[in-house]
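As recorded in TrEMBL:
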- 5-214: domain 'Aspartate/glutamate/uridylate kinase' (DOMAIN)
- LYS10, ILE11, SER12, GLY13, GLY53, ARG57, THR160, GLN161, TYR166, ASP169: ATP binding site (BINDING)
- GLY52, ASP72, THR133, GLY134, ASN135, PRO136, PHE137, PHE138, THR139, THR140: UMP binding site (BINDING)
Amino acid sequence: MKKQNRVLLKISGEALMGKEKFGHDNTIIDQICEDIKEVYDLGYEVCLVVGGGNICRGVTVAEVGIERATADYMGMLATVINAIAVQSKLESKGLYTRVVSAIPIITIVEQYIRRKAIRHLEKGRIVIFASGTGNPFFTTDTGAVLRAIEMNCSIILKGTQVDGVYSEDPKKNNKAIRYKELSHEDVIKQNISVMDTTAITLAHDNKMPIRIFNIGKSGEFAKVLQNKGNYTTIK
Ligand code: UDP
């Protein structure tokens, strides 16, 4: 049974990078954490999945001759770095958090155990899921859908640099229109590159709605959850 007030926010590594070329942009991380606090204060239980692309992306690393699976493990470790950075920032705002990792790194973060993670949420802790699915050849988008299903979340919000899915690239064509709603099938059939196919298929099979919005816009996370602001819903 889905829990209406339990939501999952997927933050890409790129979002944490803001205007920087690598790593973290403190201003944007601070704003994102402020936005998460706003949602928490509205009474939502918040799950977070963080990406790692600002530090290491498996496909790119593999191009220089590192075996793909190894490169992917490097990528998953990058998500742990991001997770503890976000954790620290959230806690500085008075929130209680836990980082749970699909890959055990027990001196730094907790190991992911589904029932424990649910208990953390019930106790009002923000749970940050690190290491994606824990398996190479997957993405943190797939990790986000998987955890959202496991946690019985009602919706996934994917924070990107754009405020939804457009008919064309809005930066290249100002006549491009933003879709209000798309089906999971539309995204798969039209090959819309908003999430990888594994993630979308998993969401489709488990009737998990996803909303795409601009995470760089302060206050937008809370607005989009309350059906205000700009977004595209995929369901
Ligand atoms: N990764 C993986 N399995 C997972 C999740 C992530 O192997 O379940 C690796 C993969 O190499 C990926 C990297 O971790 O490129 C960082 O994750 P992702 O690219 O999804 O981050 P984002 O694009 O959201 O920043």
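Cβ from N, Cα, C; glycine included.
What TrEMBL says about a protein is an automatic prediction, not a curated fact.
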Nearest-integer angstrom distance between the alpha carbons (Cα) of THR160 (ATP binding site) and GLY52 (UMP binding site): 14
Least surrounded, by Cβ count within 10 Å, of the binding-site residues PHE137, TYR166 is PHE137
In the same chain, which residues outside the set GLY52, ASP72, THR133, GLY134, ASN135, PRO136, PHE137, PHE138, THR139, THR140 have their CB within 8 A of the centroid of the CB atoms that define the UMP site? GLY58, GLY75, MET76, SER131, GLY132, THR142, GLY143
Work through the binding-site residues one by one (LYS10, THR160) and point out the residue whose CB has the fewest other CB atoms within 10 angstroms. THR160
Can you tell me how many other Cβ atoms are located within 10 Å of the Cβ belonging to ASN135 (UMP binding site)? 15
CA pair ASN135 (UMP binding site) / LYS10 (ATP binding site), Å rounded to integer, equals 18
Give the number of CB atoms, excluding that of GLY52 (UMP binding site) itself, located within 10 Å of its CB. 28
Cα-Cα, whole number of Å: GLY52 (UMP binding site) versus SER12 (ATP binding site)? 7
For a quick check of packing: other C-beta atoms within 10 Å of the C-beta of THR133 (UMP binding site), how many? 20
Have a look around THR139 (UMP binding site) and count the other CB atoms within 10 A of its CB, chains all included. 23
How many Å lie between the Cα of THR133 (UMP binding site) and the Cα of GLY53 (ATP binding site)? 15
Around the C-beta of GLY53 (ATP binding site), how many further C-beta atoms are within 10 angstroms, looking at every protein chain? 21
Whole-number answer please: how many Å between the C-alpha atoms of PHE137 (UMP binding site) and GLY53 (ATP binding site)? 14
Around the C-beta of SER12 (ATP binding site), how many further C-beta atoms are within 10 angstroms, looking at every protein chain? 23
